Amino acid sequence: MYYKFSGFTQKLAGAWASEAYSPQGLKPVVSTEAPPIIFATPTKLTSDSTVYDYAGKNKVPELQKFFQKADGVPVYLKRGLPDQMLYRTTMALTVGGTIYCLIALYMASQPKNK
């Protein structure tokens with residue numbers, strides 16, 4: 001048996017399954033058909049041409065070989081000096097922010113004496 005909250009009696013009342021699963025005051029949508037799609041610009045199907053839209057070369061296989069090389073260097077430092085600078089800057093800002101937050105929490109926890 002299914003139950004539904006009655007807004008009139010403010011109690012649970014027996015109900016059919018279709019009534020119990022639909023919210024009060026809302027009816028299920030009758031039309032399940034999707035409206036036609038309208039495009040602002042004409043679309044091109046992917047099967048129309050086999051030419052790539054970009055002029056660049058696919059670098060993914062080369063980068064996969066480069067990053068999967070077993071040379072003992074972490075992936076986030078593989079590209080040399082720029083990665084080292086970015087890593088060190090990120091770590092410095094993280095440590096500095098943590099220290100700043102701890103100092104702010106300490107100062108906020110101390111009562112002010114008048």
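Yeah, the Cβs are placed from backbone N, Cα and C, and that goes for glycine too.
As annotated in Swiss-Prot, N6-acetyllysine applies, among K59, K69, to K69. The number of other Cβ atoms within 10 Å of the Cβ belonging to K69 (N6-acetyllysine), over all protein chains shown, comes to 10.
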